[in-house]
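Peer 1: From Swiss-Prot, here are the annotated features:
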- TYR22: active site, proton acceptor (ACT_SITE)
- HIS102: active site, proton donor (ACT_SITE)
- ASN76, HIS82, ASP89, LEU103, THR104, ARG113: substrate binding site (BINDING)
- ARG17: site 'Transition state stabilizer' (SITE)
Amino acid sequence: MKILVIQGPNLNMLGHRDPRLYGMVTLDQIHEIMQTFVKQSNLDVELEFFQTNFEGEIIDKIQESVGSDYEGIIINPGAFSHTSIAIADAIMLAGKPVIEVHLTNIQAREEFRKNSYTGAACGGVIMGFGPLGYNMALMAMVNILAEMKAFQEAQQNNPNNSINNINN
């Protein structure tokens, strides 16, 4: 299973950016932690990482995932969470599970950070757990995709389901 991890603006500055809020872990270290989790858990998962500070590039990357072999997306849109209806629209058209991650609890921050347009478009939001939130999102995504696959297989193998009856 292939999962796309999209990182938004200023996340490339983790380790330098306000350590009391974001800690000292860098973005590369977060990605290494995720890869280690995949290996230690013996998951059949391939992760692709993408970081940009540009809204349009996030939208392009989500759109490129449509019809691709990416089965799910984990996204931290950073501050675009609070401003980008365009990214929210792209998430809604992705046609696959999307989970939003935030290192901090955006509900405990400034008032303008409490609304997440992009989070409302996602299947779920994980926030406030620091770098661990990415592995939490990864665990959730693997489970969601496994459930979807099992459901699809059950539908295909059940001769009494309505789709098979329509085709007969």
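Including glycine, each Cβ sits where the backbone N, Cα and C put it.
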Peer 1: Over all pairs in ASN76, HIS82, ASP89, LEU103, THR104, ARG113, the listed substrate binding residues, work out the largest Cα-Cα distance in Å.
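Peer 2: It comes out at 24 Å between the most distant Cα atoms.
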Peer 1: Starting from each candidate's C-beta and looking 10 angstroms out, tell me which of the recorded positions HIS82, HIS102 has the most other C-beta atoms.
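Peer 2: Per the Cβ count, the most surrounded site is HIS102.
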Peer 1: If you count, for each of the binding-site residues ASN76, THR104, the other Cβ atoms lying within 10 Å of its Cβ, which residue has the minimum?
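Peer 2: Each of the binding-site residues ASN76, THR104 was scored by Cβ atoms within 10 Å; lowest is THR104.
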Peer 1: How far is it from ARG113 (substrate binding site) to the residue listed as 'active site, proton donor', counting Cα to Cα, in Å?
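Peer 2: That separation, Cα to Cα, works out to 11 Å.
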Peer 1: Where ASN76 (substrate binding site) and TYR22 (active site, proton acceptor) are concerned, what is their Cα separation in Å, rounded?
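Peer 2: The separation of the Cα atoms works out to 13 Å.
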Peer 1: In whole Å, how far is ARG17 (site 'Transition state stabilizer') from HIS82 (substrate binding site) when you measure between their Cα atoms?
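Peer 2: One finds 19 Å between the Cα atoms of these residues.
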Peer 1: Cα distance, HIS102 (active site, proton donor) to TYR22 (active site, proton acceptor), nearest Å?
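Peer 2: Pair distance, Cα basis, whole Å: 10 Å.
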Peer 1: What is the separation, in Å, between the Cα atoms of ASP89 (substrate binding site) and ARG17 (site 'Transition state stabilizer')?
Peer 2: 29
